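K.L.:
From Swiss-Prot, for reference:
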ACT_SITE  Asp88  active site
ACT_SITE  His214  active site, tele-phosphohistidine intermediate
ACT_SITE  Glu285  active site, proton donor/acceptor
BINDING   16-24, 127-132, 307-310, 351-355, Tyr387  ATP binding site
BINDING   Arg213, Asn220, Gly226, Tyr296, Arg310, Lys314, Tyr325, Gln351, Arg355  beta-D-fructose 2,6-bisphosphate binding site
SITE      Arg213  site 'Transition state stabilizer'
SITE      Asn220  site 'Transition state stabilizer'
SITE      His350  site 'Transition state stabilizer'
Amino acid sequence: MKDIEGLLGLCVCFVGLPASGKTSSAMKLSRYLTWMSVSTHLYDTKEIDNSLSENSNSDSENLAKTLSPIFDNLESVFKKGTDVAILDFNQCTLKFRKSIVELAKARNMLLMFVEVVCTNQKIIDENITDMCQHSPYFKSFPFEESKNKILDSIHEYEKHYTPLSEAEECTFVRIVDFGAELIVHKLENYLESRIVYYLSNLRTRRRSIWLSRHGESQFNVEGKIGGDSSLSPQGLKYAALLPEYVAKFSIGEKGLTVWTSSMARTIQTARHLNCQKLEWRALDELDAGTCDGFTYDYIEQNFPHEAELRNNDKFHYRYRGGESYMDVVRRLEPIIMELERQGDVFIICHQAILRCIYGYYHNLSLEELPFINVPLHTIIKLTPMTYETIEERVTVPISAVSTQRGKH
């Protein structure tokens, strides 16, 4: 994108009222783009936003003066290699947007507005509660005090609110009630279309994602990678106990959907669960290519150069005829899109796959993904919130080998 006419990068500017779900959408977009290897910077605009709010009648010259430091900073950020910068403003006036357009154009930045609108009062109330309890700007204050501050700010911003319109001749997407209505105007490139596709899949429902590797397999016991081996005796015990621990973990089989890969060991692990099951080939384990069925010791002794390459850059290293972690992330993109639309889902699959999914929800760096510890016979519950993902773990008391390997 930066090679196009010397453009610095893409600035995605979120606008809309507080408690509309705007901040949640901005943070999720930042997490998604980072996970997809797009260098992304989420800019904290809170102080500027407050300044603009206190001077809501500022003329264009004063607006530009207030906003210029942000774009001066973004110019530096883009020159250091960032591809996308995300801004999150409560302002939604025509005068404000014109200033943003002029500042971005003067610095040769692509600009895309995202207006987030919520008309569902129940969702607005839930978002206000979430802000009071978890926002770094409100959680230190008494709940009622925070709530009143947020309600007052909504009232003030509503006075000057002007929705985006096609007459403005700028790139934008207007999202009403999380995809119930979607207006897209003047997209200019593939990345913008991917952003719209992702945002259109976001939902507000509170839900959890449960993760578990398959039960211990014969290949796990033998120290081999890849393959499509069956469960070991210990793995079969884990599968038999899984329904009991699903119940203990307050998952409940009613309304729960279980996703597995197409491989035998995950299907065997899920067979005692009395709920809807879906097989996804996209959840199959990382393809080890010509090394499939080998142990790590065998690879290091017989293919030392390959072992060294993988140890030096585990995320990008691709097995001959196989995959890298980066390939797996690309393969999992449709899974992530579907997870954003779903309710409670229990995913039973493989170590590399779960590392990538786990890393997405915890917003971990790509370099960290290949080293995340996802033990056998452990259930991980992830509950995504606006400002963090809450995690709980339960270990099922069936012993299993460890397949965790540290950095070399």
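Glycine is no exception: its Cβ is also placed from the backbone N, Cα and C atoms.
Could you place the listed features in the three-dimensional structure?
P.N.:
Secondary structure at Asp88 (active site), as computed by DSSP, is strand. Applying an 8 A CB threshold to same-chain residues 6+ apart, the list for Asp88 (active site) reads Phe14, Lys22, Thr23, Ala26, Leu42, Tyr43, Thr45.
DSSP assigns His214 (active site, tele-phosphohistidine intermediate) to coil, not to a helix or a strand.
In this structure, Glu285 (active site, proton donor/acceptor) belongs to neither helix nor strand by DSSP; it is coil.
The Cβ of Ser24 (ATP binding site) lies under 8 Å from the Cβ of Asn127, Leu202, Thr204, Thr386, each of which sits 6+ residues away along the same chain.
Under a cutoff of 8 A between CB atoms, and with a sequence separation of 6+ in the same chain, the neighbours of Arg213 (beta-D-fructose 2,6-bisphosphate binding site) are Ile348, Cys349, His350, Gln351, Leu354, Val374, Pro375, Leu376, His377, Thr378.
Listed in sequence order, the residues of the same chain lying 6 or more apart from Asn220 (site 'Transition state stabilizer') and placing their CB within less than 8 Å of its CB are Ser232, Gly235, Leu376, Ala400, Val401, Thr403. Asn220 (site 'Transition state stabilizer') falls within a helix when secondary structure is assigned with DSSP.
Packing around His350 (site 'Transition state stabilizer') is summarised by its Cβ count: 22 other Cβ atoms lie within 10 angstroms of its Cβ, all protein chains included. In the three-state DSSP scheme, His350 (site 'Transition state stabilizer') is classed as coil.
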K.L.:
Let me check the 10 A CB neighbour count of His214 (active site, tele-phosphohistidine intermediate). How many other CB atoms are there?
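P.N.:
Result for His214 (active site, tele-phosphohistidine intermediate): 29 other Cβ atoms within 10 Å.
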K.L.:
Quick check on the binding-site residues Gly16, Gly226: which one has the highest count of other Cβ atoms within 10 Å of its Cβ?
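P.N.:
Going through Gly16, Gly226 one by one, the largest Cβ count within 10 Å is at Gly16.
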K.L.:
Within 10 angstroms of the C-beta of Tyr325 (beta-D-fructose 2,6-bisphosphate binding site), what count of other C-beta atoms is obtained when all protein chains are considered?
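P.N.:
Excluding its own Cβ, the number within 10 Å is 23.
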K.L.:
Below 8 Å Cβ to Cβ and six or more residues apart, same chain only. Which residues does that give for Arg355 (beta-D-fructose 2,6-bisphosphate binding site)?
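P.N.:
Arg355 (beta-D-fructose 2,6-bisphosphate binding site) has long-range Cβ partners Tyr325, Leu369, Pro370, Ile372, Val374.
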K.L.:
Tyr387 (ATP binding site) to His214 (active site, tele-phosphohistidine intermediate): how many Å between their Cα atoms?
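P.N.:
Spelling it out, the Cα of Tyr387 (ATP binding site) and the Cα of His214 (active site, tele-phosphohistidine intermediate) are 30 Å apart.
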K.L.:
Can you give me the Cα-Cα distance between His214 (active site, tele-phosphohistidine intermediate) and Asp130 (ATP binding site) in Å, rounded to a whole number?
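P.N.:
That comes out at 34 Å between the alpha carbons.
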